[in-house]
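Taken verbatim from Swiss-Prot:
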BINDING   7-10, 21, 73, 78-79, 140, 155, 170, 224, 329, 347, 362, 373  UDP-N-acetyl-alpha-D-glucosamine binding site
BINDING   103, 224  Mg(2+) binding site
BINDING   376, 382, 383, 419, 436  acetyl-CoA binding site
REGION    1-226  region 'Pyrophosphorylase'
REGION    227-247  region 'Linker'
REGION    248-449  region 'N-acetyltransferase'
C-alpha cells in the first residue's frame, strides 16, 4: 500500500489570477482534479492535499472527495517544507509515500503504478520519475549510472558542458520509503538563492535512489502560466480524441472539436467540425453531431442528428432531428422520432414521441404528448412576473402559427388551435379553439386628416 501527497499550496503568480493555480480548469476538471483522478486507480491507503494560498477555495472545490485529508502549509517555503508538514500525521507509518505536484495534470495512472512497482521491487529509499526531452535547457539534469541509480541532480545553471548534453530531467514526482525520508526531512537546509527547503535535497541525502523514465515526456508537463495551460489542454484533447477515433468514432476535422474526458461515445458516432462535448454527456450509435454544436451533461439517443444546436442537461430520444439553431436546456426530455427545428427553444419541456416543433417556438415548463405538431411562432407564456407556470398539451394536438398558450393552461388530446390564437383557458379533447378577434375589413377606407 502507498500514501499519496499532492502539493497544492503554491500561488502561481505567473497565472496572473486570484484563483489558486491548481484550481484552474482544464477540460472538465481542475489541474489538481486531474492529478487526484489518476491517483484513484492506485487505491492509496490515504490521500493528503497540502494547501496554502487559497486553501479554503481548494478545500471547497474538492469537498466532493471525502477521502482527502488537507494539511496546511502556512508559509510556502519550498517542496521539502511542504512534505515536512506530514511528519505529525505519519509518525508510525512504515510504508511508502508518493509525492505529486498539483499542477502536473497529464500523468497517467499506469505511469504512477509503474513507478511504485519499481520502487518497491528494488527496495529503494526513493525512486524518482524522469523524462528524456529533446530540449532540456532550463531544467535540472538527472545523472545516473548504467543501472539507473541516481548519482546527482544538478541545476541547469550548474551543469558542465558535458552534463548539459544529458537530456534526462527531473519530473518532480517521487516515491519514498517513508521512514527513511522522515529521518532526513528535519535536517533540510535553506541555504540557496530562494531560501527554500527543497525536496531534491532530501533525495540527494538518501540511498539507494533509482530513476524511472516516463514513456511520453508530455505526461510530465507542468502548468505555470496560461500558455502552458493551453499547451496541456491540447495534449489532453489529442489523447482523448485519438482514443475515441480508435474506438470507432469519426471526427471530421479533429482540431476544431473538443471532447471532455467524462463524455461517452458509442461506435459509429460522427462528430462534425466546431462541435464541443462536455460533462456527463453520452451519445448513441449512429448519431451525427454538428457542425457547430455544444452538448453538455446530456444523453443523446441513437441515430440523432443535431446541427448548430446547444443542448444542456437534457435527454434526446432515438431518430430525432435537432436544429439548426435549436436550444434545449434545463432537464428537457425529447422522446423518439421528434423534430426540434430552427430557432426553437425548450426549457424544462417534455415531448412525447413523433412530436414536432419545427420553427420559431418557445416551449417552457411544458409537457407535450405524442404526435403533437407545434406551428411556427407558437410560444408558452409561462411566467407571470413572479413565478413560472406549466402548460400541458395532449397527444395529437396541433397549434396554428403564431399561437400563444398562457400558462397555467391544459389542452386536451386532438385539439386544434387556430392560427393567431391567445389561449388563456383549458380546452377539452377533440375541440377547435379560436381565441382571436374576428377580422374586420372596411373597403374604401380613408383615414381622417
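From the backbone N, Cα and C atoms, a Cβ is placed for every residue, glycine too.
Features recorded in Swiss-Prot, as mapped to the structure shown.
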| residue | record | DSSP class |
| --- | --- | --- |
| 7 | UDP-N-acetyl-alpha-D-glucosamine binding site | strand |
| 21 | UDP-N-acetyl-alpha-D-glucosamine binding site | helix |
| 140 | UDP-N-acetyl-alpha-D-glucosamine binding site | coil |
| 362 | UDP-N-acetyl-alpha-D-glucosamine binding site | strand |
| 376 | acetyl-CoA binding site | coil |
| 382 | acetyl-CoA binding site | coil |
| 419 | acetyl-CoA binding site | coil |
| 436 | acetyl-CoA binding site | coil |
Positions on the same chain near the region 'Linker' (227-247), where near means CB under 8 A and six or more residues out:
15, 24, 26-27, 105-106, 218, 221, 254, 257-261, 265, 267
Which residue among the binding-site residues 78, 140 has the fewest other Cβ atoms within 10 Å of its Cβ, if you could check?
140
I'd like the number of other C-beta atoms within 10 A of the C-beta of residue 419 (acetyl-CoA binding site), please.
15
Distance between residue 170 (UDP-N-acetyl-alpha-D-glucosamine binding site) and residue 224 (Mg(2+) binding site) at the Cα atoms, whole Å?
16
Stretch-averaged pLDDT - the region 'Pyrophosphorylase' (1-226):
94
Can you tell me the three-state DSSP label for residue 103 (Mg(2+) binding site)?
coil
Residue 78 (UDP-N-acetyl-alpha-D-glucosamine binding site) to residue 436 (acetyl-CoA binding site): how many Å between their Cα atoms?
76
For residue 21 (UDP-N-acetyl-alpha-D-glucosamine binding site): intrachain residues, at least 6 apart, with Cβ closer than 8 Å:
10, 11, 12, 15, 31, 102, 103, 223, 224
Residue 329 (UDP-N-acetyl-alpha-D-glucosamine binding site) and residue 382 (acetyl-CoA binding site), distance between Cα atoms, whole Å:
15
Find the longest CA to CA distance in the recorded acetyl-CoA-binding set 376, 382, 383, 419, 436; express it in Å as a whole number.
22
Relative to the Cα of residue 140 (UDP-N-acetyl-alpha-D-glucosamine binding site), which of the binding-site residues 376, 383, 436 has the closest Cα?
383
Which ones are near residue 383 (acetyl-CoA binding site): of the binding-site residues 7, 9, 329, which have a Cα within 10 Å?
none
